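To start, the structure under review is shown below, and the notes come after it.
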Amino acid sequence: MAASAKIGAELELKPRHHPRRSFDFGDHPWGGDEDRLPFFRSASRRRGDTWIVSLFVLLHVFAFVATMAVNNCGENSHGDCALEALGRFSFQPLPENPLLGPSASTLDAVGAVRRTLLTEHQSWRLLTAPWLHAGIFHLLINLVSVMYLGIHLEQEFGPLRSGMIYALSALVGSFVSALFVQDSPQVGASAALFGLLGAMLAVLIRYWRHFNDKFAALLIIFSIFSINFAVGLLPYIDNFSSIGGFISGFLLGVVALYKPQRRELPPSKVGLFDYGVQSSLKLKQKLDKPVLRIVALVLFGLVFSGCLVAALWRIDLNQYCSWCYFLNCIASKRWSCNDMTTSCEILQSVERNAELTLTCMANGKFRVFSFTNISPARMGDLCTLICS
């Protein structure tokens, strides 16, 4: 009887070791479907800060507010604005900018890329264009997507790798934009978002068998891609920068987005202070699939250096691809994708009620304005609008 009680007491004191489900993406084999994880985990199962994503979002918002302050539609457009109640921050009319944003001349002023400006050795625009948005619709759709993808990515892989993918994808996208841009201002804030999409796709493909909702995750990635690419078919948004960002993000995802394996230590290896812990796990660093990662790194290096050299040499790939333009902008009755150099005849009346008449030299269309104090840049915007 005493022996039985002693055995029972020993059994009660013996710690139990239950396997803990790992949320890392190691290559170790998992059991059945019950061991697989959702690709986009709920907020209650995520962990970690997202300061790098928050920082990028705040910088984009600040850049857009500064752009609209420079635009100053109420003064520069003499009140011909959308949402006039916003005053200095009101938007250009929808026929001029269907995304509710600044004018073309303002985008030029704050750093958008344009073929004629790049040929004037203004290569600094390759660094400013990735921070610019074409309008409030572009800003909202882009940043909501960035926050959704960026939060998951940063909480799984940390701010360093997430920030690196975001920044390098934006930069490569800007280089690709310089190869296809024509004579109209283009912004490339979506390149970084498409870099995150490419990185997410790389993770999903690489660890395909570890997730139980892979087709749903693939549908989410495809939907975000399609929506943002469709928005990029409107004026001033450069889809070629988005394509470049997606390719670079995918390659960087293969290179950088891996996690160390976890393995459970046998009971005999439990440390002095680990007694009573349900499971003891030790990180085991592993360079998984090094050949694949090296190949992806080499390919990214070739893409980065090749696009950089081509952009600095001001190579125009539109000469070799006449149909590529339709990937970037589709014209409509409500807006124009006009990227041709336009010229207008200017007639100013000197009467008491001064008027300005602009007549397009290409098609003979004209428009009369009830003001004459207008900047040359703004006059160019109006001329382009009349000729389109």
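Each Cβ is built from the backbone N, Cα and C atoms, and glycine gets one as well.
Database features (TrEMBL):
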- 51-70: transmembrane segment (TRANSMEM)
- 121-257: domain 'Peptidase S54 rhomboid' (DOMAIN)
- 131-151: transmembrane segment (TRANSMEM)
- 163-181: transmembrane segment (TRANSMEM)
- 187-208: transmembrane segment (TRANSMEM)
- 215-234: transmembrane segment (TRANSMEM)
- 240-258: transmembrane segment (TRANSMEM)
- 291-313: transmembrane segment (TRANSMEM)
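Each of 131-151, 163-181, 215-234, 240-258, 291-313 was scored by its Cβ pairs under 8 Å to the transmembrane segment (187-208), and the highest score goes to 240-258. Across the domain 'Peptidase S54 rhomboid' (121-257), the prediction's mean pLDDT works out to 94. A contact links the transmembrane segment (215-234) to the transmembrane segment (131-151), because at least 3 Cβ pairs that are 6 or more residues apart lie under 8 A.
Against the transmembrane segment (131-151), stretch 51-70 shows more Cβ pairs under 8 Å than any other of 51-70, 163-181, 240-258, 291-313. Within the chain carrying the transmembrane segment (291-313), a Cβ under 8 angstroms from the stretch's Cβ atoms is held by residues 118, 123, 126, 168, 171-172, 174-176, 178-179, 244, 247-248, 251-252, 254-255, 258, all 6 or more beyond its ends. Outside the transmembrane segment (51-70), and at least 6 residues removed from its termini, the chain residues within Cβ reach (under 8 Å) are 88-89, 91, 101-102, 106-107, 109-110, 131-133, 136, 139, 142-143, 146-147, 150-151, 153-154, 159, 162-163, 166, 189, 192. The DSSP breakdown of the domain 'Peptidase S54 rhomboid' (121-257), given as helix, strand and coil counts, is 107 helix, 4 strand, 26 coil.
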